[in-house]
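Below is one structure, written out as structure tokens, with a few remarks after it.
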Amino acid sequence: MGVNDRWSPSSWVPDIDWNLGPRFWNTVRENWYLGFTSFGGPPVHFKIFRDKFVNKLQWIDEQVYQELFSVCQAFSGPGSTKMHYCINLIHDGFLPAMLAFFIWSLPGALGMFGLAIGVSNIGETLPRAVYALLSGLNAATVGIIALAGVQLAQKAITDKLTRLLVFLGAAAGLLYNALWYFPLLMLIAGIITVVYDFRWLHGPVKWLVSLTKKAMGNRRRERQPEAEQGEELEMPQQQKPAPPGEAAAAQSSIARTASVKSHHSNATRQRLPVTNQDTENDDHNESQDENQGQDQESRVVPHERRLKIGWKAGLLLIVLFLLSFAAIMALRGALPRENNPLLYRLFSNMYLAGTIIFGGGPVVIPLLREYVVSEGWVSPRDFLIGLAIIQGFPGPNFNFAVYLGALTAFNGGLSPAAGAVLGYLGIFLPGLVTVHGTMGVWGAIRRWRWVKSALRGVNAAAVGLIYTAVYRLWQIGWIDEGFQKGTSLADDPWWVVVTATSYVGGCWFGVSPPVACIFGAILGLVRYGVVQGQGL
């Protein structure tokens, strides 16, 4: 048994007899700093998880990582948060995974809550230096996300088809944006890879090609003069075929010569003594096999963590969630507006957003704008301030809901802390519950051939959609007092240079995302100083 055994649903439910202390400590030791240092949003988070949990710690292998990436991107909710939860779930079980989730999300959530308190006490405009700092953060973040997209694409591309799907996913995401659109693109990509891998269209295509060639050949013969059709071209003397007898004799002679050479070669090889080099190579190979076996054995889930949940329990969990979702939405629509408390409307809107968001962080921003700003709960300016800050903030982008929940409650004369907690629960609960149930079902179907094939396409399309996040943020990354709703970073070469610096620093010089974000903010302040010095 190896790494794949950890995927078994048997390791996902806690047992009261477990010794949770060591596993809780293991979770804290390996996750404590991620909530403070994981800048750059979901695309960068995926790369961080791969470097840490696949390459360094080897909690999961590359195949499981790619499957997790596809599953977390293909279903609703916060993509990187679900992946972090699932990795800890597979390795240590349910309760440590919940602890890892809080370690991962709470630092950013508390930071966004503090930001909401600060924004609620500022005037109509901010100092231009603050706008410059926020724009520098956005520009650096664009470079980080672009680099993460390139590196993830290198892993997702396994052949020409997946290369094409990455490109088409990115192109389609740039051309149009809607809630139903992203999951549809990934579904189509999965169907394409299944059709291609199972060669369902190979037969019809070959028949059409042969039919076309046959038709073209008939046309050539019809155009050819009858006189030329009857002529026979003489072959050159050196190309004339030999008589059958001579050809057979020549082939027999060649075969006898090859047989003699092969016999002498085998005999010589048998007489050669076994050298020390050969012995060392054999010992080295045996040692490698033994080490690999020990490594695989160390990654087997202990017996006490197995058995408790299967695909039926996972399916039941999904059904119960859907029923709760239907009840919350029905109550939201049935209550009159005057009798519908603001905090309940806030929670139901966040619960709805967390349920129907496909594509993770890049999609949550416009949707939350629709559910909060359009309701009149938060002003457009305050929304954009939070948007700029969350791009340079560590942890999940879904923490933006904490900021919006706190501002909504404050503007409604209620406790900001209550709004922050309801925003936090509403946006995260749907994704975590559904992914836990999905993993139960996934453990039963992941070995099916068509499922593996479909995941290849879903994975490629999901990576392509990362470039959509790059483009969307690029288009609104520059903020100033004259355009508080944001404008394109391309309008000023300085921000283009900041983006390129962030990309090159991470790609060629190993600059970490936190350092790149801080450097981008500093460059934003430098631009402000230069502009102010010139009196512009």
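Any Cβ shown, glycine's included, is placed from N, Cα and C.
Note: TrEMBL annotation is automatic and uncurated.
Now, the feature entries from TrEMBL:
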type	residues	note
COMPBIAS	247-259	compositional bias 'Low complexity'
COMPBIAS	267-278	compositional bias 'Polar residues'
REGION	218-301	region 'Disordered'
TRANSMEM	93-117	transmembrane segment
TRANSMEM	129-152	transmembrane segment
TRANSMEM	164-182	transmembrane segment
TRANSMEM	313-331	transmembrane segment
TRANSMEM	351-372	transmembrane segment
TRANSMEM	384-410	transmembrane segment
TRANSMEM	422-445	transmembrane segment
TRANSMEM	457-474	transmembrane segment
TRANSMEM	494-526	transmembrane segment
Which of 93-117, 164-182, 422-445, 457-474, 494-526 contacts the transmembrane segment (384-410) most, counting Cβ pairs under 8 Å: 93-117
Leading stretch by Cβ pairs under 8 Å, where the reference is the transmembrane segment (129-152) and the options are 93-117, 313-331, 422-445, 457-474, 494-526: 494-526
Selection from 93-117, 164-182, 313-331, 422-445, 494-526, the stretch that has most Cβ pairs under 8 A to the transmembrane segment (457-474): 164-182
